[in-house]
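Visitor: Starting off with a structure, shown below.
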């Protein structure tokens, strides 16, 4: 790590050890020392200050009897705001969205009933390599080991169920049951989340946050995280081998993957693209991590559902470099990518593999890409081939007056709404495919959760992202089925004064599931979604809703949302036919269905 997150300073280490623990004795503090046993020298105050130091100014959560005293100390911190959510799952999703925009997020819940509710969101953040600090108000420290049975548990005197659940979806767990080691446990948890770019779990006994202790008597010293370093010999060997491999290729390409984020290598990737002249593509889950205004950008590589002419160029290349890819059944369209290992260089955050070998460990992606950029011959052949075969996109058929709105017409208008002052949040479902085709202007944010694919994620994530990136107007696309899972926290968006535009795509069910495997379970009860949001609004805050059925109504709604109601949360329910899906979803669904239904191998 060599960039600041919030107030975290990153210092050169005294040695070359990779992943060494953060050092804190190199930073001079100029704030007054708090006297021993001062009412302010408490665990709760220390945790609050630590959150603010690392860049968390909003913490999402739900109060419960085990975390109430802790919440008192969090809200007493001038730089920290507690945002109460309607449920713990949405609080976790909000911390996820916040981490995407801010670099780190946090949520606070109560023991077990809250912890197990937020667990799904934490698992999603783990899959997407997001530093998320999950704080749980735990039982009174005196109750551990007493053979007592407590409420909010499963009725056993062993209170470790929640901890055991979190051990599989967090990179560090701290159970704070005494004040002597609380300082160390909290600091280690937060610094580990930042170093590993993964969620961590902190449980704090409900009787501890307000008790003064000498270990908290000083202002918390800002973290100084030792940066990870590449093995220099390995880096040079990897660059030499990769340069030789790529320089002898006729039409090489480079493809950005989702792990560019955790490797903090987007700038180095662009540096490589500029120097090489290669055609540049992104995997679907990396959309937004690579600038689409790059002169050699050719679109999203997603196998059979790639943007037009992109797959043809990537799969016909005689060499391709993938930076930070994840090849799962979704990104590979049911394992149907036409790629060959012997043509590929796979660059992971700390490892490089060239074709069928060799492989080089302890080589950081950003160092490798930056060094490789200086060794490659300029070769625009693949991009020139793309320009030869490229045919400009057509436009959807013009709508007749008052004709039922089509999804392709909707997204033609959405494209015109985007700017560097906006960010797109795409919910799991057909919004994946329709939003993937949007061309992002410079500075336009883009987020979706492809690896975990939890429906309903986008409501909480929109709340968190919008709270972290107040300068951007978030435009969210949510299907009706997904919205029914997490709709309540529209309420929290209104309380926070957010001005997001939500497009609710109402097509009567779980359309993405229909295209994988249809059945009566994919049909849901239709709601009056605008009526629901009006009821949640209840005259408190700024909110505007409308329902559109045709292009004329859509144009009017967008004009109102972007002009007269620019300072409001705008909820636009779009009524479309249940079979109106992108052609990409139809193709993708059939291939994923085939992969899911493979018969067992002979035993």
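Positions of Cβ are set from backbone N, Cα and C atoms, glycine also.
Pasting the relevant annotations from TrEMBL:
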type	residues	note
DOMAIN	42-147	domain 'Thiamine pyrophosphate enzyme N-terminal TPP-binding'
DOMAIN	239-357	domain 'Thiamine pyrophosphate enzyme central'
DOMAIN	449-565	domain 'Thiamine pyrophosphate enzyme TPP-binding'
BINDING	480, 507, 509	Mg(2+) binding site
Visitor: Around the recorded Mg(2+) site, report the further residues of that chain (criterion: Cβ within 8 Å of the mean position of the Cβ atoms of 480, 507, 509; site residues excluded), sequence-ordered.
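Guide: So the extra residues in range turn out to be 479, 481, 505, 506, 508, 510, 511, 524, 578.
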Visitor: Across the whole of the domain 'Thiamine pyrophosphate enzyme central' (239-357), what does the mean pLDDT come to? Round it, please.
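Guide: Here the mean pLDDT over the domain 'Thiamine pyrophosphate enzyme central' (239-357) amounts to 96.
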Visitor: Give the number of CB atoms, excluding that of residue 507 (Mg(2+) binding site) itself, located within 10 Å of its CB.
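Guide: Step by step: centre on the Cβ of residue 507 (Mg(2+) binding site), count other Cβ atoms within 10 Å, giving 21.
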Visitor: Treating G and I as helix alongside H, and B as strand alongside E, what does DSSP give for the domain 'Thiamine pyrophosphate enzyme N-terminal TPP-binding' (42-147) in helix, strand and coil?
Guide: 51 helix, 22 strand, 33 coil
Visitor: Can you give me the same-chain residues 6 or more apart in sequence from residue 509 (Mg(2+) binding site) with a CB-CB distance under 8 Å?
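Guide: In sequence order, 480, 481, 522, 523, 524, 578 meet the Cβ cut-off.
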